[in-house]
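Engineer: Would you mind keeping the following structure in view while I ask a few things?
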Amino acid sequence: PFIHRGLKMSGDTLGAGSFAVADYVVFALMLMVSAAVGVYFAWTGRGQRTSGDFLMGGRRLTALPVSLSLTASFMSAITVLSNPAEVYRYGASIGFYGFSYIITILVTSEVFLPVFYRLAVTSTYEYLELRFNRATRLLGTVLFIVQTILYTGIVIYAPALALNQVTGMDLWGAVISTGVVCTFYCTMGGLKAVVWTDVFQVVSFHLYSYSNSFFSVSTSFDTNPLRRHTFWTITIGGTFVWVSIYGINQAQVQRYISCKSIHHARASLYINLLGLGSILLCSVFAGMCLYSVYKNCDPWTAGLVSAPDQLMPYLVMDILGDYPGLPGLFVAAAYSGSLSTVSSSINALAAVTMEDVIKPHTNVSEKHLSFISKGLSKLAILVYNISDELVDSISIFGIIGGPLLGLFTLGILCPFANSKGALSGLVAGLVVSLWVGIGAHIYPPPPELTRPLPLTTEGCNFTTDSLNWTSTALPTQLNAITATPVHNHYSRSALEDHWYSLSYLYFSPIGTIISMSVGLIISVFTGKREEIWQHKSCFP
């Protein structure tokens with residue numbers, strides 16, 4: 001049986017050890033390098049006189065650094081902490097995301113990239129005004145801002161939780177330090193600093209190597225849309241989610257359209273695919289390690305951690321606590337993932353606010369716009385701190401990103417779609433997505449649809465340093481507890497059993513399909529007949 005070493009309790013923090021000096025040195029080095037990149041580009045980029053230079057890097061970036069930045073932007077601490085916990089609890093089926101990544105890059109490269117690059121827009125939502133009207137652009141902008149605030153709140157909270165778990169560092173102190181470092185190099189160096197800091201951070205992200213450990217998982221090809229994870233939910237639903245990120249999300253589009261040519265932009269997407277695959281593989285192997293070590297002595301069931309996201313930090317301190325520097329490397333990797341995502345979001349939010357909210361309604365010089373851009377970068381982080389881990393990050397992109405993806409797809413692929421159809425479709429898609437998303441949160445699906453793996457505490461031995469004793473038995477209430485489904489005795493309605501039990505990965509397809517369908521129908525009934533017959537197909 002596996003022995004948990006050095007168990008300690010300190011206030012609200014429960015962990016398997018504490019940081020050594022070497023761990024703090026490794027962590028501090030990561031912060032110092034990130035800040036130094038911002039200082040460097042602030043010094044070399046003193047000629048950045050316009051908001052375009054600050055927000056778009058002068059559109060002179062090359063494929064390799066942009067590809068690494070694309071990889072780092074949405075591979076945050078959630079990947080380091082939540083994905084392994086997902087594998088630990090439900091199996092390695094998230095590996096099927098590899099298929100959705102491939103489809104996503106193909107669709108983005110051939111459908112969305114040519115449109116945004118040739119228009120030379122700073123904000124993706126400029127396209128909505130060019131294609132439809134200003135009201136559509138403004139609504140799209142507001143939804144993006146809400147989505148970004150919610151998602152980035154989760155991303156900030158995750159590494160703070162990791163630090164709090166393994167070191168006892170104050171949770172809000174870690175949150176504030178994330179904001180200070182990100183705001184510093186975003187404001188100092190603009191997009192160039194963000195991209196090159198992402199390059200360093202994605203390398204740091206890969207430095208923490210996971211040992212390979214394999215266990216038996218059943219691969220499901222069940223077509224039931226109520227199953228949490230199957231080949232189909234991950235491949236189809238995951239594709240919609242990731243296309244909404246790579247195809248239209250400002251943080252990603254802003255990167256590849258800052259390349260010096262469309263060929264560099266396309267190459268950055270395909271090189272980035274290699275990074276996505278390698279990070280996915282590492283996170284799946286990490287979850288396998290968790291299951292291999294703790295399947296007979298589950299720390300979560302035993303109450304040693306208060307949330308599944310704390311399992312990876314717990315494993316690191318439990319296994320590597322005797323090797324100074326390695327726990328610090330893990331936390332630095334998790335923190336790097338968050339810094340890259342937060343800085344990307346800050347830069348994107350500054351660009352969208354500048355181009356879609358301030359610029360159309362004011363008449364100020366480029367010099368003043370540049371100063372405003374830097375000020376928005378500082379302000380953005382204050383806004384992020386209002387959100388907490390409210391909903392799962394993928395659900396956020398599904399509920400809000402799905403209808404937005406439908407809106408952009410409608411505009412690009414359906415020439416006869418008009419502004420009335422676009423606005424109606426976006427609102428309808430958002431309402432339906434919110435309905436199913438909030439309903440699923442209030443009435444979660446029964447355990448038999450999620451298929452959790454068997455976990456138990458029967459094999460636990462605990463050692464407590466302060467008392468210097470080992471117990472082979474758990475407290476009575478914990479002994480022989482297994483993570484088996486708990487059946488509720490109340491009768492679930494048909495709405496709860498079907499609509500609200502839908503896999504969360506289908507939130508995005510629902511929003512996209514509703515948005516496009518309603519948009520097409522309204523456009524047909526409100527458009528000019530000759531224009532509709534001129535463009536019979538949705539494909540120009």
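Placement of Cβ uses the backbone N, Cα and C atoms for every residue, glycine included.
Positions annotated as transmembrane segment by TrEMBL: 24-43, 63-82, 94-117, 138-160, 166-186, 230-248, 269-294, 394-416, 423-443, 504-526.
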Engineer: If we call contact 3 or more Cβ pairs under 8 Å (sequence gap 6 or more), are the transmembrane segment (138-160) and the transmembrane segment (394-416) touching?
Structural biologist: yes
Engineer: With CB pairs under 8 Å as the measure, which of the listed stretches 63-82, 269-294, 394-416, 504-526 comes out on top against the transmembrane segment (423-443)?
Structural biologist: 504-526
Engineer: Which residues of the chain, 6 or more past the ends of the transmembrane segment (230-248), have a CB below 8 A from one of its CBs?
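Structural biologist: For the transmembrane segment (230-248), the list is 70, 74, 93-94, 96-97, 99-101, 103-105, 107-108, 111-112, 124, 219-224, 269, 394, 397-398, 401-402, 404-405, 408, 503, 505-509, 512.
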Engineer: So if I exclude everything within five residues of the ends of the transmembrane segment (504-526), which remaining residues of that chain have a CB under 8 angstroms from its CBs? That is, six or more out.
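Structural biologist: Same-chain contacts beyond the ends: 225, 228-229, 233-234, 236-238, 240-241, 244, 392, 394-395, 397-407, 409-410, 414, 416-418, 420-422, 424-426, 428-430, 432-433, 436-437, 440, 532, 538.
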